[in-house]
Amino acid sequence: MTRTDRVFQLVGSCNNYPWGKQGAESLAVRLHKKSDKQFEIKNDEFYSELWFGDYPDFPARVLETGELLQDVLQKHKETLLGKKVIEELGGQLPFLPKILSIAKALPLQIHPNKELAAKLHAKDPENFTDPNHKPEIAVALSKFEVFAGWKPLEEVQALFQRLDVLQQFVPTGMKSWSELTLREVTRSLLQADEKTVKSVEEALANASKEQLGTQEYILDLLPRLRDQYGATDPGSLVALLCMNFLVLGAGDAIYIPADGIHAYLSGDIVECMARSNNVLNAGFCPPADRNNINMFADTLTFQPSTRSKDDVILPAQDQGKVKIYKPPMSEFNMLRINLIQGEGEDLDEHQGPGVMIVTHGNGTMLADGKTFRLEEGSIFFLAPGVKVRIDSPGGLEAHMAVVV
């Protein structure tokens, strides 16, 4: 590439968390292999995430030169990042896009808000590597199962009233539930010792459908979670008793705010977040990997609210053959371009940079006066102010995070 290149191809970095899919079953690693021809997929390895932003943990590089994307962006800030990012969004790529391939539940987690993130980073920069918040969206590429946000309060309250074994976690004298009740119930569940967790799970497994009411799906999910993380992980109780369980299809999306509780369960997704890697874990992981439970509980937000699982869903706006996901944050929007055989689409220029990955199919992209070949797994950086035309003779799906 040259100094004047405003569009160029990237290669990402793939990681190996144990919740990932194994070998070539992982979409993340299959897409990575498309751009990194030298990469060897190992059948006994778990491949969890493909990162293709400029964050230093698993950084993207310019495909042609091998340069770190972060270095290139800092050399040519005005051209590649633009005025809005430099003046309003910290002068770095303000978002972090990924592909996730999920075989079992990720840790039950929240991403701390800016104030807490800054404190944690100052105190423990090795584990909290930046001072930023991390609200995020996830767009399903296939069937996607997830625990996210809180069930309606009345549903949680009714379940705890019908099952005597759960009364030990409710604050004394609490008759009418509030968000404060739910915070303290969550704290108590997460602080329960292994013997208590095991006994509660056994009682839950033997509960009748009448006791569970509309939440009888718990009987199907509990054995899965116990098989993955054993019968003593308190994350199972919090997820099953207090959180929304959603099953999404391709193109469906959710939004997780800073401090929003969630645990992805299965599927392939495009994930994008504010530029951060801070996380607090409280379940679905070994005890040594769990953060301070009181800090976790005190930090919890109840937005999405405790009224409806619909509050977790991020609806898309249709614009031609493009779906636009607009999370309530300033760092980025996500575009989903879906072309069938022989179709094409124009993408408007934006104030800030974009990063696009082709998740299925192939085609061509006319951008900045050049024609680029698009293939499954191709990743491209696009500078501000670049108009794009995409055509596909056989069909194509691509996702693009962009600063608008």
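Note that Cβ sites are derived from N, Cα and C of the backbone, with glycine treated the same way.
These numbers come from a predicted model, not from an experiment.
Over in TrEMBL, the protein carries these features:
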DOMAIN    7-153  domain 'Phosphomannose isomerase type I catalytic'
BINDING   Q109, H111, E136, H262  Zn(2+) binding site
DOMAIN    354-396  domain 'AraC-type arabinose-binding/dimerisation'
Taking DSSP states H, G and I as helix and E and B as strand, how many residues of the domain 'Phosphomannose isomerase type I catalytic' (7-153) are helix, strand and coil?
41 helix, 42 strand, 64 coil
On the 0 to 100 scale, where does the mean pLDDT of the domain 'AraC-type arabinose-binding/dimerisation' (354-396) fall?
97
DSSP on the domain 'AraC-type arabinose-binding/dimerisation' (354-396): how many residues come out helix, how many strand, how many coil?
0 helix, 28 strand, 15 coil
Beyond the site residues Q109, H111, E136, H262: chain residues whose C-beta lies within 8 Å of the centroid, for Zn(2+):
I110, K134, I256, G260, I261, M273, V279
Count of other CB atoms lying within 10 Å of the CB belonging to H262 (Zn(2+) binding site):
25
Sequence gap of 6 or more, C-beta under 8 Å: which same-chain residues meet both conditions with respect to H111 (Zn(2+) binding site)?
H133, K134, P135, E136, I256, A258, D259, G260, M273, S276, N278, V279, L280
In sequence order, what residues of the same chain, 6+ apart, have a Cβ less than 8 Å from the Cβ of Q109 (Zn(2+) binding site)?
I261, H262, A263, V279, L280, N281, A282
